[in-house]
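Report on one structure; see the data block that follows.
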């Protein structure tokens, strides 16, 4: 018998990717989907969901209460408004959420089952009912480096990120493309003239970038032809919230730190927004607990998850396989630039790329739903 599952936020960017992945993997054969909407209750369910009833009101607590499992990609404001009311009304079901709202709550598990399935299983056994997707950058990094973390080889790690526009949302992606288009328009006559001086073209681009009329309401400053070395809120101590998440969430995913009675792994670095569309990249400096030969490190990484792909540390392989353009739309997490650093044999350099909308958002939720279907 199929389980009824409530789906909220299925039309947004993350939700749309989640729905496509569920269709690709035939997950809908395992559930009876109940589609909710925050703005179109009573409307038609998606045409591809055969037999699904009309859209339910996503704020109707009584309707939500009937479901043993709810999956939401509606965002943090929705979670903040609806979740407490739902639990307050006595609902005991499983809540699977893409938003960060509940991520660090004591009664929530951050889900990334290829890396932390034992943590998830233990939580289900003790009655945990809240399962939340992790920060996109953290999840993609762990999918690549699980082999090192799960073999307890990482003493500390520094991560310098190159994060895509998609991390901000759909409107941020649109704004980036709009900026690129306007910058091109500003110098197109010069670009079309082979005799035009490149410095004249450069001055034209800069003038347009610095023009206050360039659309920048979402990023706050131009991102096209630029970068922004700050993501998310200012915590007031020189650290951004995005940077704080690296250590906090990695350790929670792995079941480490004070809450688990084990030492946390120190992780810190800087988070930077770049003009890529939907893949987050990271340059990593890793202090290993012991000197491990590079070929053994490569084997451990390749065996860590089936999606981790070691890229040979050559120029040709790197530029072909270790880029956002190569990775977008795939579940592969390539890990490359692997080499021992000059600081010593325990210091490892690495670079990894992951699709922010797949392992960084939708895929852990989809897989958690599969796990929950055996438990609900």
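Numbering starts at 1 and runs along the chain as displayed.
Note: Cβ is positioned from N, Cα and C throughout, glycine not excepted.
Listed in Swiss-Prot for this protein:
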- 11, 12, 13, 14, 38, 39, 74, 166, 167, 194, 356: NADP(+) binding site (BINDING)
- 103, 245: phosphate binding site (BINDING)
- 136: active site, acyl-thioester intermediate (ACT_SITE)
- 163, 242, 273: substrate binding site (BINDING)
- 280: active site, proton acceptor (ACT_SITE)
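Feature map: annotations from Swiss-Prot on the structure.
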| residue | record | DSSP (3 states) |
| --- | --- | --- |
| 13 | NADP(+) binding site | helix |
| 38 | NADP(+) binding site | coil |
| 74 | NADP(+) binding site | coil |
| 103 | phosphate binding site | coil |
| 163 | substrate binding site | strand |
| 242 | substrate binding site | helix |
| 273 | substrate binding site | strand |
| 280 | active site, proton acceptor | strand |
| 356 | NADP(+) binding site | coil |
Taking the Cβ of residue 167 (NADP(+) binding site) as the centre, how many other Cβ atoms fall within a 10 Å radius? 25
How many Å lie between the Cα of residue 245 (phosphate binding site) and the Cα of the residue listed as 'active site, acyl-thioester intermediate'? 10
The most crowded of the binding-site residues 38, 74, 163, 356, judged by neighbouring Cβ atoms within 10 Å of its own Cβ, is 356
Would you say which of the recorded positions 13, 136 has the most Cβ atoms within 10 Å of its own Cβ? 136
For residue 242 (substrate binding site) and the residue listed as 'active site, acyl-thioester intermediate', determine the Cα separation and express it in whole Å. 10
Which one of the recorded positions (11, 103, 245, 280) has its C-beta surrounded by the most other C-beta atoms within 10 angstroms? 280
Residues within 8 Å of the 163, 242, 273 Cβ centre (excluding the substrate site residues themselves): 137, 161, 167, 228, 230, 231, 232, 271, 272, 280
Rounded to a whole number of Å, the separation of the Cα atoms of residue 163 (substrate binding site) and residue 280 (active site, proton acceptor) comes to 4
Spatial separation of residue 356 (NADP(+) binding site) from residue 136 (active site, acyl-thioester intermediate) - C-alpha basis, Å: 6
Could you give the Cα-Cα distance between residue 273 (substrate binding site) and residue 167 (NADP(+) binding site), in whole Å? 9
Max Cα-Cα distance in Å among 11, 12, 13, 14, 38, 39, 74, 166, 167, 194, 356, the residues listed as binding NADP(+)? 53
Hey, how far is residue 13 (NADP(+) binding site) from the residue listed as 'active site, proton acceptor', Cα to Cα, in Å? 16
What's the CA-CA gap between residue 356 (NADP(+) binding site) and residue 280 (active site, proton acceptor) in angstrom, rounded? 6
